[in-house]
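Asks: So TrEMBL lists the following for this protein:
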type     : residues  : note
DOMAIN   : A:217-424 : domain 'ABC transmembrane type-1'
TRANSMEM : A:34-55   : transmembrane segment
TRANSMEM : A:215-242 : transmembrane segment
TRANSMEM : A:262-282 : transmembrane segment
TRANSMEM : A:289-312 : transmembrane segment
TRANSMEM : A:338-358 : transmembrane segment
TRANSMEM : A:370-395 : transmembrane segment
TRANSMEM : A:407-427 : transmembrane segment
Amino acid sequence: MTDIISTPRAAPYQSDDFAARLRKRYAAERRFKMYGIAAIAIALGMLAVLLASIVSQGYTAFAQHDLSLEIYFDPAEIDPQGTRDEATLSGANYAALARQSLQAAFPEVESRTERRRLNAIVSNGAGFELRQMVMDNPDLIGTRQTVRLALASDYDQLLKGNIDRDVPEANRKVSDQQIQWIDKLVSNGNIVNGWNWRLFMNGDSRDPELAGLKAGIVGSLLTLAVTLGLAIPIGISAAVYLEEFAPKNKLTDLIEVNINNLAAVPSIVFGLLGLAVFLNAFNMPRSAPVVGGIVLALMTLPTIIIASRAALKAVPPSIREAALGVGASPLQVVTHHVLPLAMPGIMTGIIIGMAHALGETAPLLMIGMIAFIVDTPGGFGDAATVLPVQIFMWADSPERGFVERTSAAIMVLLAFLIAMNAIAVVLRKRFERRW
Amino acid sequence: MTAHTQTMAGIAVRPQAGTLTGTVPKMDARGVKVYYGAKQALKGIDLEIPERQVTALIGPSGCGKSTFLRCLNRMNDTIDIARIEGLITLDGQDIYDREIDPVQLRARVGMVFQKPNPFPKSIYDNISYGPRIHGLASRREEMDEIVTKSLQRAGLWNEVKDRLKEPGTGLSGGQQQRLCIARAIAVSPEVILMDEPCSALDPIATAHIEELIDELRENYTIVIVTHNMQQAARVSQRTAFFHLGEMVEVGDTEEIFTTPRDERTQGYITGRYG
């Protein structure tokens, strides 16, 4: 057809003018492609820089140096009366045991100040770790055991090379004498390097060597459970109603505009709303995953509704007609045909919303999830913190040990995001394949 | 409006002249007007649809024949701005009556659409969906039988019997359309509405569907909208010519194609416009 039409007009298309225009068009196309490639290269480069800086700073936090000391569980110190009474056991001075053991290794240290400096090598948490061991197994009392105890963070950092030995002593957190002690402990095999289980098994702590993410991880999971439990059913129901059943009038137009506006509201505003409504008006518990979850659900709802509506809109009307044509009721049309077909798109919205919620900090600050939480939350009403807030708090801490832990926590958060996205993508693929 | 009255007169004499032989028509439309918002799409249609015959609706694009067809099973209900006036009966009962449930009506008046629109499910599920939601089969064997029978009636059984579990969307266009017909007859409707069922198909697939329509006529009342006048002539017993929202003329297909009474009908079927 086009041939027939263009034949009589062939002449202008062979002119030099036309050839030049054609070259220009192709050049524009090549240029456009190059812009695109450049944009992607810049984006990938920035991502690589970001990841490289986080990983290079954070990977060391996954290993930690421990003191491996022989501890005499002295009955005179722990349980002088031999009652094995729990209150006695838990009240004993376990830190003294660790100190005794360390001083036994350095008999030459005698003055009080020097002893204090030596004792600083053991973490403040060593006493708690020993107590936990004895509480779990009181038979340890009276025996000698080689035990791994936390090394104070500064010495861990020294051994990791993060504290420079060449810096003048006055500008260094670790004295020359302490470096000598540490080196001796290393040569005696009293220092072992291993997987940093404290990072995952402990809650937060003032001491970097003891600080862990468990409270944050559990808090995040609890919060996210509330968020998804609320946002998914409400979001999908709202989208289905607005898209499939609601009459098109001024009111629904207004609702639609406002949902779109809500998606652009800064997240901290949702936090203020949570503070004013859930905490002040409803007296819900502070710092609790249930409140955090509700606030994040409010924040992710617009995203899920908008994505779900787009996905529902993309289902061809012919499918609706086909189902109506065989006598399906409007609800059956939606639940049997439209919703399953829209599911992959809805899942995309949920993934985006979930990633958003998992990484959100600002609204949670307003409802008190910034609190220093050591204990792992046991339920939706317990005080909790979440991973991003934990990262925020660690990033705020000046100790060198928290620097690497901050990066490590970011890596853990990213790993969670990637894992959750992977699950969602797999689910999505599954839904797609069923049809 | 004069044409309108003439048509009314035409219908009035039809019983003696045509094939209705005095029986009550399966479906009957009286003064059907449809508005899309302020725009009037149908300007008062009177049409009788005789039982177990094929009624073809022909006319140029935008003349309202599809709109009329969609009124017959209340498919226009799904369009918010559509407003319908007039009376349409099925077996003498007003289908727009409050007591008539559109869902139930659509089970009795099935529909086949212009573009084949199988569900993105297996062939088996495509057919069994309607019977399942209407509870037509209580046991698996009954359902199997409905599926088999429907596919056989739609002339698709031999082609798909070995791959009932495969998706219906994987079939060719003509097979998909026959699948849609099978799906429509699976719920045992009394009337089947077909909205240009062959417009997206090649001539061989079209011939298949036309044969099928001819066979289905034994059991079902069929209303077909078509742009193809040869098709209307081949498959239908009665033909109604629509023009600009009016029904200009209705009669036996042979009569309409050989001795049309209205000038516009003549112009259209001889290809002067359309």
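Using the three backbone atoms N, Cα and C, a Cβ is placed for every residue, glycine included.
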Asks: What same-chain residues lie close to the transmembrane segment (A:34-55): Cβ under 8 Å, and 6 or more beyond its ends?
Replies: 407, 410-411, 414
Asks: Spell out yes or no: are there three or more C-beta pairs under 8 angstroms between the transmembrane segment (A:289-312) and the transmembrane segment (A:370-395), with each pair 6 or more apart in sequence?
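Replies: Contact between the transmembrane segment (A:289-312) and the transmembrane segment (A:370-395): present.
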Asks: Looking only at the recorded stretches A:215-242, A:370-395, A:407-427, which one has the largest tally of CB-CB distances under 8 Å to the transmembrane segment (A:338-358)?
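Replies: Out of the listed stretches, A:215-242 contacts the transmembrane segment (A:338-358) most.
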